[in-house]
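Features of the protein shown, as given by TrEMBL:
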type: ACT_SITE; residues: His226; note: active site, tele-hemiaminal-histidine intermediate
type: BINDING; residues: Gly62, Ser63, Gly64, His65, Asp118; note: substrate binding site
type: DOMAIN; residues: 11-339; note: domain 'DhaK'
type: DOMAIN; residues: 379-583; note: domain 'DhaL'
Amino acid sequence: MAFQGKKLINNPNDVVTEFIEGLVETYQGLQYLDGFPEVKVVLRAEVSGATYDKVAVISGGGSGHEPAQAGYVGEGLLTASICGDVFASPTVDSILAGIRAVTGPMGCLLVVTNYTGDRLNFGLAAEQARSEGYKIETVIVGDDCALPKSQGIAGRRGLAGTILVNKVAGAVAAAGLSLADVASEARRASEVVGTMGVALSVCTLPGQVTSDRLGPGKMELGLGIHGEPGAAVADLQPVDVVVTHVLKQILESNYIPITRGNRVVLMINGLGATPVMELMIAAGKTVPKLQLEFGLLVERVYTGSFMTSLDMKGFSISIMKVDQTLLQHLDASTKAPHWPVGSAGNRPPAKIPVPLPSSRSMKSDELLSRPLQLTEQGHILEVAIEAAANAIINMRDILNDWDSTVGDGDCGSTMYKGATAILDDMKKYYPLNNAAETVNEIGSSVRRAMGGTSGVLYTIFCKAAYAQLKANSDSTVTAKQWAEALEAAIAAVSKYGGASTGYRTLLDALMPALAVLKERLTSGEDSCTSFVLSSEAAVAGAGSTKDMQAQAGRSSYVSAAILATVPDPGAMAAAAWYRAAALAVKDKFHPSFNSSINKSES
C-alpha cells in the first residue's frame, strides 16, 4: 500500500532552491546565480567568465541526485553545475546562464548525462552559446551496462560513471590545456567506464507518496536513477552474490574494452539511503573479486554516495579502465567539497592486516591452556560455564526484542557473541582446574568478542572477580570466596558504570542474588542450595525491573510507559546465566558440589 513519504522539507516546490542556499552557506568557495526559481546554477565563487583563463567545465541535470552535480563544483573539477527540478532536466535558459557566467576565451566543455531531456536542453543551449561567440564542446556520458545494446535512439543511460568523467575533465582544464584537449580526455574517459545499479527500494519524490512497486524480499537490478523500473526484479541475495552478478554484467557485456591484466578504478556508489557500513561491505567484496576472478589491477577505490536517487536504498558499481594519465587526472588536487580526497595515491597489491600487539603482561611461557584432566572443581566450572553460555545463546531473540523496545535492539546479539566465544575458548584455552585464571580468561573472551556497554561491563565484572580470587592462595575456591568474588565484581561494575539497585540494569539481578547467597551461607545453608536460592532472587530481581524507571544506559531516555511493557534485557540476561549455572551444578553435582566446597572450607 502506498503511503505519504516523510521528508524534512518545507514546500516541495522549493526543495532545489533551498538545497542550493544550504550548499553555498556550507562551502565558502561556492556561489549561485541570482535567478531563482527559473535559473538554478551553482558556480565557483571566484570565477567570472570575463576574466577566466581556463576551460570551463559544466555539468548538471535533474536534481535529486545529490551531491551530484553541485557538490562537485570547485577548483580542479566543475566550474559550474546546472540544477533542474527534481528528476527534470534544467531549462535552456539556466544552462545558457551558467555558460555565460563562467566561460572565458578558452571555451566551455559541457558534460551531459545521456537522457533525452538533458541532451536536448544542453544541446540547444550549446548551439545558442556558439551563436553568441562562445567556444563549446559537448561530451555525452552513457555508462549504463544493464540494458541491451539495442535500445533504439535513446542509448545507454548516464549514471555514476559521469562523476569520474567530470573529474578527468576538471583536472585537464585546471592544468590549462585547450578545449580540444579537455574534451578529448573527457570523451576518452567516457568510453572506458561502465556502471550497473541494484536497488532494494524505490525512491520517494518530495510531496508524493512512496510507491510499493518493489515488494518485501525483492531487489531490482539495472535500475535507472530516476525511480524508473530496472532491467529485472529478483529475490534479495547476499551482497557477495549481488556483486558477482553486477561485475559479470559490466565486464562480460562488451560495453567497455576491459580485459584481464588491465588497470581499473572502482566506484561503489550509494543511492541515497544505503548506510556507509553496507557500502564498505560491498567494496570489500568487490575488490578481491576484480583481482582474483577477473584478473584486474584495482588502482583506486572510491566508496560513498556520489550520485544518488533521493532516498533509494541500494548501490551501483562503476568500473573505469585507466592508464597512468587517467590516474593522474583522478588524483589531481581539487577543492570540490564532495570529491573523496582520501582515495588518491597508489594502493598496495594486497591489504595485509597489522598484527595484533602482544600483551606486556603475558610471557610466551605463561600461555594458558585447557588441562588434559579435570579436577572435580574443574568439572563443576565447566558445567556451570557451559550452562550459563547456552542460556544466553537460547535467549538471543527475546533479548533483542526487549531491547528493541527500550534500547538499540542488539542486547541479545551482543550477549550471544560473548557466549559463543566463551564456549569456543573454553574448549582450548581455559585452565578449568584454576578457578581464578578461568574467570580471567572468560573476561578476555568477553573483551574480544562483545562490543558496546555490555562487553565492557562484563569484562570489568570478570577482572574484578579474578583479582579477588587470585588473592586467595588455595587452589580450590570455597563458597565464601566465590561470594566475595561476586561482591567484588558487582562493586566494580557499580563503580565504573555508575548504577546501583533500582537503576534498571543487570545489577538489579545480581545484587539480590549476592544478598541471598551471603545470607544463606552465613546461616549454615549448604553451598549448592545457597547457590540455587540466590539464583531465584536474581530472577525475581530481573523481573522487577519492569516496574522501574531507568537511570542508566539508553533506557534512561525512554518513557516510563514504554519501559513498563518489558523487563530490562540486561538484567534478564544476567539472571538467566546465573540461574542456569546454579541449576546445572545442582543437577549434576549435588551433593558432591557441597562436599567439594565444604572440604575446602573445613
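The backbone N, Cα and C atoms fix where each Cβ goes, and this holds for glycine too.
Quick caveat, the model's predicted, so the values are computed rather than measured.
Reported as a whole number, the C-alpha separation between Ser63 (substrate binding site) and His226 (active site, tele-hemiaminal-histidine intermediate) equals 10 Å. Report note: the substrate site is defined by Gly62, Ser63, Gly64, His65, Asp118, and the residues of the same chain whose CB lies within 8 Å of the CB centroid of those residues, excluding them, are Gly61, Ala68, Cys83, Gly84, Val86, Phe87, Ala88, Ser89, Ile225, His226. The maximal spread of the substrate binding site, taken as the longest Cα to Cα distance among Gly62, Ser63, Gly64, His65, Asp118, is 15 Å.
One residue stands out among the binding-site residues Gly62, Gly64 for having the most other Cβ atoms within 10 Å of its Cβ: Gly64. Each of the recorded positions His65, His226 was ranked by the number of other C-beta atoms within 10 Å, and first place falls to His65.
For the domain 'DhaK' (11-339), the model's average pLDDT works out to 94.
If you measure from the Cα atom of Gly62 (substrate binding site) to that of the residue listed as 'active site, tele-hemiaminal-histidine intermediate', you get 9 Å. Long-range Cβ proximity for Asp118 (substrate binding site), meaning a same-chain Cβ under 8 A and a gap of 6 or more residues, is found for Gly60, Gly61, Gly62, Ser89, Val112, Gly158.
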